[in-house]
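Trainee: Dumping what TrEMBL says about this protein:
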type	residues	note
DOMAIN	B:235-330	domain 'Rieske'
TRANSMEM	B:15-35	transmembrane segment
TRANSMEM	B:55-74	transmembrane segment
TRANSMEM	B:90-111	transmembrane segment
TRANSMEM	B:131-152	transmembrane segment
TRANSMEM	B:172-190	transmembrane segment
TRANSMEM	B:196-218	transmembrane segment
Amino acid sequence: MSDDNKPFFVGYLPVPQALRGLLLAICVLLVSGFAGFGLALGVAQDDPGEGAFRFDYGRQTVTGVIELTPYPLLRVTQGNERIKPGHTLMLAGGGKNNVDSRAIPLEGQLAQASGVILERGDLDMMQLRGGRGGLDAAEGAAPQMEVDQLGRWKLAGEICDGKCLAGAMRPGRGLAHKACANLCLLGGVPPVFVSTRPVEGSQFLLITGPDGERLPEKAYDYVAQFISLEGDVERRGDLLVLRMDPDTLEVLK
Amino acid sequence: MSVKYIPVQWNNNKYIYDAVMLLGVGLFLYVFLYAAPGLLSHERPINPQVHNARAFGACAFVMLSVILCIGPLARLDPRFLPLLYNRRHFGVMTVFVAITHAGYIIDWYFAFSSSNKYEALLFANTSYGQLAGFPFEIFGIFALFTLIVLAATSHDFWMKFLSPPVWKRIHYLIYPAYLSVVAHVSFGILQDQQNHTFTVIFIGGAAAVGVLHLMAALHERRVDQAIKADAVDWVPVCDVAQMREGFARIKLLANGERVAVYLNEGKLSAISNACAHQNGPLGEGRIINCLVTCPWHGFQYDVTSGRSPAPFTEMVPTYNLKTDGAMVLLDPRANPPGTFVEPVPAPGREAKL
Ligand code: HEM
Ligand code: FES
């Protein structure tokens, strides 16, 4: 097997002259190879999209009517420069937490919400500050809020968690992010359906169960995947809400 | 020779090996993390935690692929044996890089909820019944735990404690672990990305590992066929004229054992081919200063007794030989490790004094 023309390497002895060139070449190849792969993979990262926490806007405070879809919404009645009356804000707590305990007692009432905005295109959400400072009853009687029924739709797209998608995480969608999104949804963060084609001008719809309950368990297996489904769409202010029919769920890819 | 459980026996070659390896890994991470983002024109950057996780995950994959190429390369061409020499440091380093990858993921994707992040890792996605959306993290967890076990038992203490065959069997788990990483990536990021550079590098890396192993296995089989003996009392090894001073001929016995028959100073001696250190192929080594020297890590044995020189205590079995004319014959029954056997003069090859 062995051949005395071939140099013999023993770790604790100096490297044989005949092997030095090869080993040096391997060292150079290894180091430059690692650097090269680092560069190739580093620059191959997909654009995560434009979503982000808008800390640059500063804390936003607006007043509106609390509605439960069952995910809490604020139908803005008294806005500010950025958030106009008629706008509907989805509400979330810090991290992967919801604001149910603060919003449910205020259902149908006028409330003042304060927090930071997450924004991605025309999708936005407010992460409330902690405690009563984030959401508290406001003076006055709540006006009646309209809900327009837009009928039954068949849509193709992806179920995401609305907070990560809006910019809490970049990227905040896709299969690699599925477990993370599920964890948000299990925590009661509002889920969003990203439609491939806009519905009445909007690409994002808050998505609920068929009778307006939380996202059905079955849907969790399809989060972050390209699917089609049917459901009834309604408009609450400028936000569309999709009541999905779990029996129509189909994986498209 | 023995390492006597001294944590690490350093020598110049190991310093150079580790320095090159660390430089490579350092550059990979530096370029991925700090040079690449400047070249990306993303309106808003990827979250640093995700970016870090990807850098360390991709680095661990590249490291693991390189490590797994070293073995077959060294089998195919002994000039690559120096790469094998300190491979375990490479492996241990990979574990730290992989743990960092998992750490960023767990502290980011699985944190910030009211659940424990390690529990969340297991329950957040349980779509085990489907291919798309399969919880690919589970493959990463298996690979990570296996790598940790291998790194923790990589020290020679464990090899002594578990015995080389058991140790070796445990360390073959590197293959299921690598396959698991391949599955981890295939069910995860590979299905998710728009840019397919990673796909190309990934498939190229995994294919290189696969093809090299296949080539080494075929090479090994050819060699085995050439040296395999029938089950007989005295096994013919070769003609004395085919032997080379200071080198061995390897014979594969019917029971699967390999024997290294050495010609040393005009006399023939036979010892087991399996080094007591990590089962390295002693017959592919050579005699240095009258001692058989293993090509893998340089353990040494007296060719007549299979014993390492004092103060070391390693021993390998010896075998009895005789000659019939110019033919070297081997008794396939091994002597207990360390048994002295009087060397047999090699007809026509007596040492010139
Ligand atoms: C507890 C163990 C692990 C977990 C939870 C885990 C989780 C993940 C997740 C969630 C991703 C997708 C990241 C993203 O792009 O957003 C990922 C990617 C990846 N993982 Fe792991 N992983 C683990 C262990 C490992 C190990 C041991 C290796 C390799 C040795 C590995 C190699 C990779 C690679 C190469 C990628 C793709 C990197 C990229 O996106 O460019 N992972 N892992
Ligand atoms: S010296 Fe390590 S296997 Fe022989």
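The chain as shown is numbered from 1 upward.
Note: Cβ is positioned from N, Cα and C throughout, glycine not excepted.
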Trainee: Does the transmembrane segment (B:131-152) come close to the transmembrane segment (B:55-74), meaning at least 3 CB pairs under 8 Å for residues 6 or more apart?
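Mentor: Contact between the transmembrane segment (B:131-152) and the transmembrane segment (B:55-74): absent, because fewer than 3 Cβ pairs are under 8 Å.
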Trainee: Counting by DSSP, what is the helix, strand and coil composition of the domain 'Rieske' (B:235-330)?
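Mentor: The counts are 6 helix, 46 strand, 44 coil.
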Trainee: Going through B:15-35, B:90-111, B:131-152 one by one, which has the most CB pairs that fall under 8 Å from the transmembrane segment (B:172-190)?
Mentor: B:131-152
Trainee: Across the whole of the domain 'Rieske' (B:235-330), what does the mean pLDDT come to? Round it, please.
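Mentor: Averaging the confidence scores along the domain 'Rieske' (B:235-330) gives 92.
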Trainee: Given a Cβ distance threshold of under 8 angstroms, which distant residues of the chain, six or more beyond its ends, lie next to the transmembrane segment (B:131-152)?
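Mentor: Those are 91-92, 94-95, 98-99, 102, 105, 121, 125, 158, 170-171, 173-174, 176-178, 180-181, 183-188, 191, in sequence order.
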